Amino acid sequence: MSMLITGITELVTGEEGADGAVEDPLHAGLGVLRDAAIVIGGGGEDSAATVEWVGPAAQAPAADWAIDLEGRSVVPGFVDSHSHLVFAGDRSAEFAARMSGTPYDGGGIAVTVEATRAASDHELRTLLQRRVQEMRAQGTTTVEVKSGYGLTVEDEVRALRLAKEVTDEVTYLGAHVVPPDRRDEAGRAAYLDLVCGQMLQACAPHARWVDVFCEPASPHAFDGDESRRVLEAGRQAGLELRVHGNQLGEGPGVQLAVELGAASVDHCTFLADAEVEALAGSDTVATLLPGVEFSTRQPYPDARRLLDAGVQVALASDCNPGTCYSSSMPLMIALAVREMGMTPAEALRAATVGASKALRRNDIGRIAVGLRADFAVVDAPSWLHIPYRVGVPIVRTLEV
Ligand code: NIG
Ligand code: FE
């Protein structure tokens, strides 16, 4: 069965240089087609629908079914390449304290760890599913999900198993923080041994990625040498690498990510020139998480500086109970435009095709023949309304 989708005022394909794409610099790099149509086909119980044809509505082929979007726009489904969705408990009071000046240092993670360990599988699964649905409702069609609120072998495996129920992009983050009861020197060393040994062996079969919170500025997180050990052990166990780096201050995270060939280094809030250069000469994507700066009152990362240096940039939500409890990619795009010096086109690219690179995927983040029919509908004549109509729920996933 095939379906023809018409009534698309602007179709963002994400294919630079797509045939007939609008040349206006406002849409640079997005491959925008005006008055377009899409034909999708296949799709059933165990296979996703794929795109069979994309082009001007006037040339669209016939199909078995048709829907008319009546003057809306279509963009590739957002790729949220960084989230921590498997958790229980509530830290809204910590957010309120931050808004009146208390700085973030990662200490609150222990609160979530306690609540998450105490939750049943059913409770955690329900919370996770609700958060994923919330994302889908706002146009996100691919999400990466990390563990990191279990911090015992059993609790980390449980988090990864649950994450795997909702996505293939599952990340082992046993090295989120040193658990609070292990913060003396011996306890810290023993925890690192566990994360790189028994916990890794138990977790690796359930994950694609390994990540570490590399942040010497936080007493709870890991320094450069510890992070290197975690990443090398993860790679040895068959996992690919991602890093939380340079969130709270300048530090070794970015250089380590580049040196080890990580797919992405996330946060990048505090960068020296040498780090910008290192990123520019690498395949490591700088994933910016503006919701975190919004929710922690830190300065926003300077996306303009990264883009001008030729760094590959992605945007993600980092949806988590501590530093950003927002799952909204439209909000991240709006913040990137308003606060980080990105043009709307750069921000949309970073939230779609840019983020697909942060997951080393080339089958998502664009709308092209042969790819999965993963797109979001914008209830507006132009995709530009995503940052323009900030806070208004005009983006939704098209369920076909
Ligand atoms: O990406 N920085 C480390 N991890 C999360 C925050 C986790 C939390 O505070 O619960 C982040 O910001
Ligand atoms: Fe994070």
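Heads up, the Cβ atoms here are built off N, Cα and C, so glycines get one too.
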Report task. Name the residue, out of H220, H244, H385, that TrEMBL lists for the same Zn(2+) site as H82, H84, D318, please. Result -> H244
Query raised in the report: According to DSSP, which of helix, strand or coil covers H244 (Zn(2+) binding site)?
Result: strand
Query raised in the report: Quick one: which of the binding-site residues (R91, Y149, H176, Q247, G322, T323) have their CB closer than 6 Å to ligand 2?
Result: none
Query raised in the report: Of the binding-site residues H244, D318, N320, G322, which one sits closest to R91 (4-imidazolone-5-propanoate binding site) when you measure Cα to Cα?
Result: G322
Requested in this report: List only the single closest residue to N320 (N-formimidoyl-L-glutamate binding site), chosen from the binding-site residues H82, H84, Y149, H176, Q247 by CA-CA distance.
Outcome: H84
Query - Maximum Cα-Cα separation (Å), residues R91, Y149, H176, Q247, T323 listed as binding 4-imidazolone-5-propanoate - result: 20
Query raised in the report: Does anything in the same chain, at least 6 positions from D318 (Zn(2+) binding site), have a Cβ under 8 Å from its Cβ, and if so what?
Result: H82, S83, H84, D266, L289, G291, V292, C324
